[in-house]
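Accompanying notes for the structure given below.
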């Protein structure tokens, strides 16, 4: 079964994320459990936790269908010790919040070397950051997102993801989330079914589908191989509809959150309905 949804707002309370997901007929959703542009957040109250769990139960969302995202400020590969420690503490807090909410996944951008250390050193720092967080939490899997490779961000090559996983001690609690826009911008073609087959054959060989714990389904305003992260609505960008139809018809993408971060929330319900309709072999544009 495909779990299909969007990254919805949790404004007004975390329980509202589940309510908003249900309103667009989503069978999955993503959310921030705190303000994504601030370091600190008030601890979760018992009331907030209970209301969130109740809303998820009411609308039939299990932890397998929910892909929370951490703060954009966190850089687990930071070259400066003090800043690295700050990011690690914030990441542990994000993991603990997921643990309290009964969530089993935490999606995050791996990190940036800021032109101050080597890629290898940065990737090793990211892996060690994950090890520290896993040691201090239980039941939550760290889900590394591939990036477009803007600036000094790592994670734009499948080899980067594999290197991080290789450095994580508890392989049962690490995974990846593949963002289609990021992959396309990083040079992984998805414009035709044949290119999708090739790209995901590379993924299977280098990383492995056993580590795929989520997807971000985004078309791209950015051009192929541009290393620029600009999302677009499905079928309106440079990837086109075929990739998303191909994903919907491949059972390797079953049982994980497939999350829209497309640019027009007003049509998320339509995009979700379209994706659901592509699951049959006879589906057409």
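Any Cβ shown, glycine's included, is placed from N, Cα and C.
The record from Swiss-Prot ties 69, 109 to Zn(2+) 1, and of the options 51, 85, 128, 145 it ties 145 to that site too. Matching 182, 241 to the Zn(2+) 3 binding residues that Swiss-Prot gives (229, 231) identifies 182. Each residue in 70, 107, 108, 143, 144, 177 lies on the same chain as 69, 109, 145 and has a C-beta within 8 Å of the C-beta centroid of that Zn(2+) 1 site, without being one of the site residues. Around the Cβ of residue 179 (Zn(2+) 2 binding site), the number of neighbouring Cβ atoms within 10 Å comes to 26.
Of all the binding-site residues in the record (69, 109, 145, 229, 231), the one with the smallest CA separation from residue 179 (Zn(2+) 2 binding site) is 145. A straight line from the CA of residue 229 (Zn(2+) 3 binding site) to the CA of residue 69 (Zn(2+) 1 binding site) spans 17 Å.
Looking at residue 109 (Zn(2+) 1 binding site) and residue 182 (Zn(2+) 3 binding site), their Cα atoms lie 11 Å from each other. Note on proximity: among 69, 145, 216, 261, the binding-site residues of the record, the Cα nearest residue 231 (Zn(2+) 3 binding site) is that of 261.
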